[in-house]
Each structure stands twice: as C-alpha cells, then as structure tokens.
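Everything on this sheet refers to the single structure shown next.
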C-alpha cells in the first residue's frame, strides 16, 4: 500500500482534474464499477503471469540444463533465484497477503473519500517510512532527510488542496471512517516497504529473483481471492456485500485491463526499488506522481494550474533532492 509513486507504484493518486486516478481507482470512480475487492484481487493476482514468462525465456534462451528441463517449472525458477525456493515461497506468502490486506483498505476507502483527501493521506507514507526506518532498520536520524520528507509532504498538500476545480473544504468533508481506512493503508504500506527491506533487501539483489518473488505474490493472491469472494458474496453485512462479476461495459473492461497492466508494472518496480535503494527513497519517489500528472495535463489537455500547484510540485521535487543529496554528490563529482 501502493497504496511508484513514478513509473513506480502504478501512480497511486493522479490528483489533477483530468487524470483522476487512471488506474484501479479509475475503474471505481470513472466507470462506476464499485467492487473494490474484485478489482484489488484481479490486480494483485496478475503478476502470476510473470512466472510462465520467466520459464519460457529460460527454456528457450537459458542454459542447456534449462532447455532440457521439460516442464520442471519449479526447478528452472529455483536455479535462477539467489534465495532458496521454499524460503522465497514463504516470503511471498507473507508479503503477498500483507500487501493485499493493505491495499484493501485503500480500495474500500475510496468509495467514501474524495480524491484530494485520499491523495493527501496516502502521501503521508514517507512519514511512516522514515519513523519505521529509524526504529526497525536502525537508520541514523537525519535532519536533512526529515526536512526532505516534510518539504515533499507540504508540496503534496498544496497540490491536492489547490488543484483545478477542487475545493479545500473537501478534505474536511470526507468520511471520517474512510479517512481512517486510508490512514491505515498508508501505515501498512510503510510497514510493507520497511519489512521487505529488512527481511530480503540484502539477499534479493538480482532481477530474476525479484521477478520470481513478484510472480509468487500473484499466485498467493488466488486462493485468498477465492476465500474472500465467498465471504463478500455471502456477507451478512450490507456494507461489505460485493457481488461477483466483471464490468458490463467496454469502457469498464478497458479500464480494468489498464489497471491490471499498470499494477503489474508498478509492483515489479516497487519491489526492485525497495531492494535496490531504500524504502524512504521509494516512498518519496512515489510523490513524483503529483508533478508528473500535472505535466501530462499541461501537455495533453492544456490545463492551467494555480501558482500554489506549481509551488507544491517544486516542493515535492525539492524534498526528493534533499533526501538524495548525498547520493547525487558522487555522481556530480564523477
């Protein structure tokens, strides 16, 4: 819970007037297909297609042993994973299930939450990540990093409060329960990122292992999807009831397809970013969805933005530069 912010995380909130969540949330808000559990599970199960793609690649282009493996999918995948397959499966079960739970709060909250409020709350993830990194990853507290996080968060607030056609009062008008659910989504997304870095960050350092991990997370989602579908279909609570079914319009199917493809790209990039950089850099990088979506609106829709939005975008980028300052210095010197 990601809840990219971006090529990384399927750009969770795209918060300008014309780019309102062209992803999983767009299926709910634009098409009116309000089935958060179905959309979420469909998206989370999609990375499972990575596994047969990996197997086919090594079966055709791998070593002689891979080409002679027949249909020994597990054997081929294990040969190209630096982590033992049994351990990788356990990690995938834990993180796949945890991320699924985190995202459910995100999807369910959007039924009763404005885009502005959702974006503002979700982009508090770096604050949680920074605190958890100090406590769990034993990172040394840094005034520079804290300043960078707060600067980027202030920029996000400016953008979501003053985007074209938005009313700052909408932040206060959103459902309190939905707001709490979104806050839980932000906190659990931060926990996911920090725990992933803690448990596998140093070991999962090659692309094939990361791809196998992402695919296994998708496989783990399938039985959870079936169990959850039975629960929500026969739920005695009206607020939790969710019938089974695909979108009944061409636009709905198209939006769902886009959502699934974007989620797969996002999830793969998210895990790679966390393991190869850090949870803090990844979560703050997600905030780039704000200025990027604004740039897309300017180029494609000729949208004009208030000075507050422009300042907010600059603050987001400035906060990221503050966090990355030491990493950028060697590059500049080189």
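For all residues, glycine too, the Cβ spot is worked out from N, Cα and C.
Remember, TrEMBL labels are computer predictions, not curated facts.
Per TrEMBL, domain 'EamA' is recorded for 82-160. For the domain 'EamA' (82-160), the model gives a mean pLDDT of 80.
The feature transmembrane segment is assigned by TrEMBL to 37-58 (among others). Taking Cβ pairs closer than 8 Å, the transmembrane segment (37-58) reaches residues 24, 27-28, 66, 73, 76-77, 79-80, 96, 99-100, 103-104, 107-108, 208, 211-212, 214-219, 221-222, 224-225, 228-229, 232, 242, 244-245, 256, 259-261, 263-264, 267-268 in its own chain, all 6 or more past its ends.
Beyond its flanks by at least six residues, the transmembrane segment (88-107) meets 1-3, 12, 24-25, 28, 36-37, 39-41, 44, 81, 122, 181-182, 184-185, 188-189, 191-192, 195-196, 199-200, 209, 212-213, 216-221, 224 of its own chain at Cβ-Cβ distances under 8 Å. Annotated transmembrane segment per TrEMBL: 88-107 (among others), in sequence order.
Sequence annotations record features per position, and here TrEMBL assigns transmembrane segment to 119-137 (among others).
Taken from TrEMBL, the feature transmembrane segment applies to 146-164 (among others).
According to TrEMBL, the transmembrane segment annotation covers 176-198 (among others).
Marked as transmembrane segment by TrEMBL: 210-234 (among others). Away from its own ends, the transmembrane segment (210-234) comes close to residues 37-38, 41-42, 44-51, 54, 77, 80-81, 83, 88-89, 91-93, 95-97, 99-100, 200, 204, 240-244, 267-268, 271-272, 275 of its chain (Cβ-Cβ under 8 Å, at least six residues beyond either end).
Sequence annotations record features per position, and here TrEMBL assigns transmembrane segment to 254-276 (among others).
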### Query
Which residue counts does DSSP yield for the domain 'EamA' (82-160) in the helix, strand and coil classes, in that order?
65 helix, 0 strand, 14 coil
